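Participant: Sharing a structure below in structure tokens format, with a few things to ask.
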């Protein structure tokens, strides 16, 4: 039973491995112009479906309670969308002199440009017992910001505008991301009670569509005879990704627990997860739009595909440790705030 339960929880990661393997065996099915017609079914229908689903599932009312915690929100969004991509860019200037595959390095930069995810950071914050409302707000707000900021960051750091017109990117983003998201929110208002009662598996639906996008992305790769990915580069990238995650989690923890910080231990938990996690659900469709026509698109996507399971794995392993720290810290703060009993003479 334990194995079945584990497989049920990790089905998406297994799904990624499976669709890449299938794409390797028969790449002709999912290539541009192939039987699946990904230039229509994926570029427009699948991406729109993911964001309509996001709009339908997003509980706007849950965010209002966390709205006023401005300092926390500013910290998370500035770290995620300003510090993170800039730090990665500086780091990549050093790595550019190494023999690591240049497209994987560009992929690392795209990871830095991504907004926070709408699920993993919230799930892990909840598992620890941290400030779940703040995690929900920052994940959702970061996703909305990412629709505009992430393409700008990608264009700034990678300069893809040389081959993809700026207006074309944003018109496609608007039609396949913003419009379905707004429609999803409008539809939610009318069927809110039914959604609360039935609780459709929004996460599973988005994940299945995302697997289709990943499959067609890798079909394009394996159908291209010029692409060669060396194992050395891949192993180094995996090591770098885990190192980045650990370093940034530690950095956000130190900053949010410093002496003059006003953040509570529960706030720190939300900050650590929301600031360092990156969205695969938003990321892959955006890369598909911004880097449309790039023969190395799948290589650019590889670091993000590694980062997603890595952040869940690392976060899950750290849950007991972070929870223990938070509980002991809360107890210590409670004791220091208690008024001292008067001494009896």
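Heads up, residue numbers simply count up from 1 along the chain you see.
Positions of Cβ are set from backbone N, Cα and C atoms, glycine also.
Pulled these from TrEMBL:
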TRANSMEM  12-29  transmembrane segment
TRANSMEM  41-58  transmembrane segment
TRANSMEM  70-91  transmembrane segment
TRANSMEM  103-124  transmembrane segment
TRANSMEM  136-157  transmembrane segment
TRANSMEM  169-190  transmembrane segment
TRANSMEM  202-223  transmembrane segment
TRANSMEM  235-256  transmembrane segment
TRANSMEM  268-290  transmembrane segment
TRANSMEM  296-319  transmembrane segment
Participant: Considering only the recorded stretches 41-58, 169-190, 202-223, 296-319, state which has the highest number of Cβ pairs under 8 Å to the transmembrane segment (103-124).
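Facilitator: The listed stretch sharing the most Cβ pairs with the transmembrane segment (103-124) is 296-319.
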Participant: Select the range from 41-58, 70-91, 202-223, 235-256, 268-290 that forms the most Cβ-Cβ pairs under 8 Å with the transmembrane segment (12-29).
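Facilitator: Of the candidates 41-58, 70-91, 202-223, 235-256, 268-290, 202-223 scores highest.
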Participant: Using Cβ atoms only, state whether the transmembrane segment (41-58) and the transmembrane segment (296-319) have three or more pairs under 8 Å that are 6 or more apart in sequence.
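Facilitator: Per Cβ check, the transmembrane segment (41-58) does not touch the transmembrane segment (296-319).
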Participant: Considering only the recorded stretches 70-91, 169-190, 235-256, 296-319, state which has the highest number of Cβ pairs under 8 Å to the transmembrane segment (136-157).
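Facilitator: Per the Cβ count, the answer is 70-91.
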Participant: Going along the chain, which residues at least six beyond the ends of the transmembrane segment (296-319) come within the CB cut-off of under 8 Å?
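Facilitator: 13, 16, 101, 103-104, 106-108, 110-111, 114, 120, 124, 127-128, 214, 217-218, 220-221, 227, 229, 234, 237-238, 241-242, 245-246, 249, 273, 276-278, 280, 283-284, 287-288.
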Participant: Taking 169-190, 202-223, 235-256, 268-290 as candidates, which has the most Cβ pairs under 8 Å with the transmembrane segment (70-91)?
Facilitator: 268-290
Participant: Is it the case that the transmembrane segment (169-190) and the transmembrane segment (268-290) touch, counting contact as three or more CB pairs under 8 Å in which the residues of each pair are 6 or more positions apart?
Facilitator: yes
